[in-house]
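Student: This is the structure I want to talk about, given as C-alpha cells.
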Amino acid sequence: MPLHIVDKHKSLYDNYVQSATTEEIAKFKLADDPNEPETIKKLIMDELLLDGNSKQNLATFCQTDLDKNIHSIMDKCIDKNMIDKDEYPQSAEIENRCLHILADLWNAPDSSDTIGCSTTGSSEAAMLGGLALKWNWRENRKKLGLPYDKPNIVTGPVQICWHKFALYFDIEIREIPMENGRYVMNSEEVLKRVDENTIGVIPTLGVTFTLQYEDVFSISNALDKFEKESGINIPIHVDAASGGFVAPFIQQEIIWDFRLPRVKSINASGHKFGLSPLGVGWVVWREKKDLHKDLVFNVNYLGGNMSTFSLNFSRPGGQIIAQYYNFLRHGRNGYTLIQDACAQQGIFIGKELKKMGIFDLIYDGTGALPGVCWTISKNLPSEPLFNLYDLSEKLRSRGWQVASYSLPSSMNDVVVSRVVIRHGFSRDLSSLFVKDVQNAIEYFQKHPILRSLEKDEGENFHH
C-alpha cells in the first residue's frame, strides 16, 4: 500500500487550498484516494449554485417551498424503507391513514372499504391504475369467451407517462388531438373512439400543456348513455396528478371523483399540489374489488407477510410521513387557503399579460390549476419582434424559468408559454415577474432579434 504524506496544516486551514479544489477531480470514474468530507461537500454545493433558483422556477409542477419541519421529518426518516412494513409498522400505518384521508377527500362511497397505495410519483400511480383497468377488462373478456389481445385506452392530450404505459404494456392509446379552440378531450370525441376493446377512458384533471381540466362529469354521462345503447361498460380512471389536490378545495362544485360511479380509480401526486417533497404519489381505487387480486403480490422474506402492488420495491418513507404531516397541519381549510392564494396569483398574471396587448390567453387562470398559459396573438398589426422561445430565454437572464413549447399533434404549429403557480409564490413576486416580461418586450423593441430561437434551441417543456 503506498504511503501518502498529509499536510495537516493545509487540510485544516481552508477547503480551497486542498488538492480536491485546486486540481481537477475525477468526475467520470471513481478516484483512488479519499478526500476530506467537508471539502467535497463544499465542492458539490458550489456546483449546485449553477442550478436555477427553485422559487423562480415557474415551469415545474413540483413543490419547491418546504417548511423546516418537513426538512426535519425527511432527515429523521432517511433510513426508513416503506416496503419493510414489518420493520416499520407505524410508518405503514401512517401510509394507510393517508390513503383513507384521500379516499374520503375524493368522495369514495365507503372510505373504509377502499384500497390504494403510495408510489414514487403520479406517473407510477397512473400506470398502476391503468394495469388494474387492463386486468379487469381481460378477465371480463375471458369469462365471455371473447378475444382480449387488442386493449386500448382513450385519452386527451396526456402526460408522457401514459404513452410509456401504452408502450410498455402493449396497449393501443387513442389520444384525442387538440383542435383550434379545443385543447382538451370532450365527450363527443370520446364516443368516436371507444369500443368493446377499450379498457378505460383517462380524463386528466389539469392537462399538462394548458392546465385546464377535462370534463369528467360529461364524459361519464356520455359513457352511461353508450352503455345503455351498446351494453359495453367502460370504466374511468382519472389522472388527477395536479388537480386531485386542487379541485377538492377551491372547485368543490366540479364533480369529477368517486361521486361518479363510473370512476374506478384516481391517481395524484403528493409532491405537486399535495405540498410534499419530491418522491410521493398516490393511487386509490373506488372499492377493493376494483383492484384485481392477481396484481397484488404477497411477500414474506422481510420479516412478515405483506401485500405489495408497485412497479418498484424499496422506497424512502420520509415523503409519506411528510404527506401525513401536511394533512394534519393544513387540514381542509389550510389547503383551501393555500390553493386559493396560488390561483389568485395565476389570475393576476393572466390579466396583466392580457393588458400588454400582444398575447392571447389559452388559459387565464380561472377554474382549473393555478397558473396561466398564453401564446403570441395572431391578430397583431405587424409581426412581433420576438417569439416565445426568445422571451423565455430573456426571462432566464433574470432567473425566471418559463416553459415554452409547441402544442402536440395537429396543433404543433402553435407555440405557448406556461407558468405554474405553487405554494410560496407571492403577489410581490407575481408583480416582479410581470414587470420583467414587460421589460423583456421593451428590450426586443429596442434591440430587434436578427434570428429568433428555433424549437430545438428554445423549447423547454417541463412535465
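Using the three backbone atoms N, Cα and C, a Cβ is placed for every residue, glycine included.
Annotation source Swiss-Prot lists substrate binding site at T60, N81. Swiss-Prot lists S122, S123, T208, H271 with the feature pyridoxal 5'-phosphate binding site, giving similarity to another entry as the kind of evidence. The annotation N6-(pyridoxal phosphate)lysine is assigned in Swiss-Prot to K272 on the grounds of similarity to another entry.
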Student: At a 10 A cut-off on CB-CB distances, which of the binding-site residues N81, S122 has the highest count?
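Tutor: When each Cβ's neighbours within 10 Å are tallied, S122 tops the list.
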Student: Which of these binding-site residues has the least crowded Cβ, counting other Cβ atoms within 10 Å: T60, S123, T208?
Tutor: T60
Student: Taking the Cβ of H271 (pyridoxal 5'-phosphate binding site) as the reference point, list residues of the same chain whose Cβ is under 8 angstroms away and which are at least six residues distant in sequence.
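Tutor: H271 (pyridoxal 5'-phosphate binding site) has long-range Cβ partners C62, Q63, G121, P277, L278, G279, V280, G281, Q319.
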Student: Are there binding-site residues among T60, N81, S123, T208 that sit within 10 Å of K272 (N6-(pyridoxal phosphate)lysine), Cα to Cα? If so, list them; otherwise say none.
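Tutor: Within 10 Å of K272 (N6-(pyridoxal phosphate)lysine): T60.
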Student: T208 (pyridoxal 5'-phosphate binding site) to T60 (substrate binding site): how many Å between their Cα atoms?
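Tutor: Just about 10 Å between their Cα atoms.
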Student: Roughly how many Å separate the Cα of S122 (pyridoxal 5'-phosphate binding site) from that of N81 (substrate binding site), to the nearest whole number?
Tutor: 19
Student: Just to verify a number: CA distance, N81 (substrate binding site) to S123 (pyridoxal 5'-phosphate binding site), in angstrom, no decimals.
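Tutor: With distance taken Cα to Cα, S123 (pyridoxal 5'-phosphate binding site) is 20 Å from N81 (substrate binding site).
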Student: For N81 (substrate binding site), which of the three DSSP-derived states applies: helix, strand, or coil?
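Tutor: In the DSSP reduction, N81 (substrate binding site) maps to strand.
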Student: Between T60 (substrate binding site) and S123 (pyridoxal 5'-phosphate binding site), find the distance joining the two CA atoms and give it rounded to the nearest Å.
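Tutor: Spelling it out, the Cα of T60 (substrate binding site) and the Cα of S123 (pyridoxal 5'-phosphate binding site) are 15 Å apart.
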Student: Kindly assign S122 (pyridoxal 5'-phosphate binding site) to one of the three DSSP-derived states: helix, strand or coil.
Tutor: helix
Student: Return the maximum Cα to Cα distance in Å (whole number) over the record's pyridoxal 5'-phosphate-binding residues: S122, S123, T208, H271.
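Tutor: About 15 Å separates the two most distant Cα atoms.
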